[in-house]
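This report refers to the structure that appears directly beneath it.
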Amino acid sequence: MSAYHPLTEQEAIEIASTLDGFFPSGANLSSREIGDGNLNLVFHITDSVSGKSLIMKQALPYAKVVGESWPLTLDRARIESEKLLLEGELAPGLVPVVYKYDPELYLTIMEDLSDHVIMRQGLIGGTRYPKFADDISTFIARTLFFTSDLGMNQQEKKLQVKAFINPELCKITEDLIFDDPYTDSPNNSFDPAIRDAAEALWQNEQLHLEVAILRDKFLTNAQALLHGDLHTGSVFVTPESTKVIDPEFAYYGPIGFDIGAVIANLLLNFAGQEHWITDAGQRADFRQYLTDTVRDVWNLFDRKFRALWQEQGLDRLASSTPAFKDYYMQRLLQDTIGFAGCKIVRRIVGLSHVVDIDRIPDSAAKEKAQRLALAIGTSLILSNRKAQSIEEVIDIALSQANN
Ligand code: SR1
Ligand code: MG
């Protein structure tokens, strides 16, 4: 019989106390369930004697955001722990340390990052993170290059594709990002004030063509092992440190999907600043910081990915054909822009929103932010296959904000 059951706070303490050598003898442990995400239980275990602490994350057999009517595979916990370990090897220091994975309880025990803040919250508060663009570009360049056909043994890669098959979590993305927002789906959730804008999405055939092309890439393009949900709620930060968490949506997909997620969430915050920073000058400054970060993330990624390819590329023909490298990187940029657009649109009209915009208390400012985000998102989607430079993303964001 399976030992799996959702843990109580007390059971979490009992398991934590058996973790070899982590807490000293005489520890006085306390436990608090702090999960505020869509899917899992998260226990914060602290020892009042030594001050040591850890995090225990347990998958639930359903999507917490909806309830037991939406069953969800527990295997996502295995995928998350294996991906975290791999990321720790490929991008050292940029993910939490995994202490243990319990395959019966679908439980990952890992480093407590309470000295960091969730980046989304920090950005809402107007904090700047000077190391973020450098760190996240290292993370995405290294985790994606070394799991792609360019940077790893191509036979081993096929076995890795198999190990990270993640159909149920992919289906969530396929529905919530690449389908529901473009039709009158019961999964959608949007502010009645922007119904006209939502309906416009349902009727825009040009937009549907671009989303269908991006959806097809998500379904079929096993380019590299993605994080799969790389939004600013999946990143812990301080001004000096960046730690990427929550890779339970990991699977082999198109590289631009991860980079697009980062850019989308910077731009969602850009739209939300309609409210959070009231002084117009300060708001313009912070928006410039956000667009500078968008530019830096892409440019640093481009530079680091190309350098890895140059120094450690394994595919002979791809590595010795400069025009192919340019073609490949341009395709990544275009995919990044298209996926960023889809990820913005889903957070305004789809099932799961972002607090950068949803928590705006003033309804007029909120409506303005939502319309701005939708305008940016749809422009990115419509322009993705023609894009030549990351500057086009910044031009779109700034021109829509000044409209
Ligand atoms: C039902 S899960 C909704 C969303 O939460 C996760 O963070 C993913 O972004 C997913 O689409
Ligand atoms: Mg998550």
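Including glycine, each Cβ sits where the backbone N, Cα and C put it.
TrEMBL annotations: computationally assigned, not manually curated.
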Site-mate of ASN40, GLU111, ASP112, LEU113, ASP246, PRO247, GLU248 for ATP in TrEMBL, selected among LYS57, LYS100: LYS57
Fewest other C-beta atoms within 10 angstroms, as judged across GLU111, ASP229, ASP246, GLU248, which are the binding-site residues: GLU111
Local Cβ density at PRO247 (ATP binding site) - other Cβ atoms counted within 10 Å: 27
10 Å Cα neighbourhood of ASP229 (substrate binding site): matching binding-site residues from ASN40, LYS57, GLU111, ASP112, LEU113: none
Around the Cβ of LYS57 (ATP binding site), the count of other Cβ atoms that are within 10 Å: 24
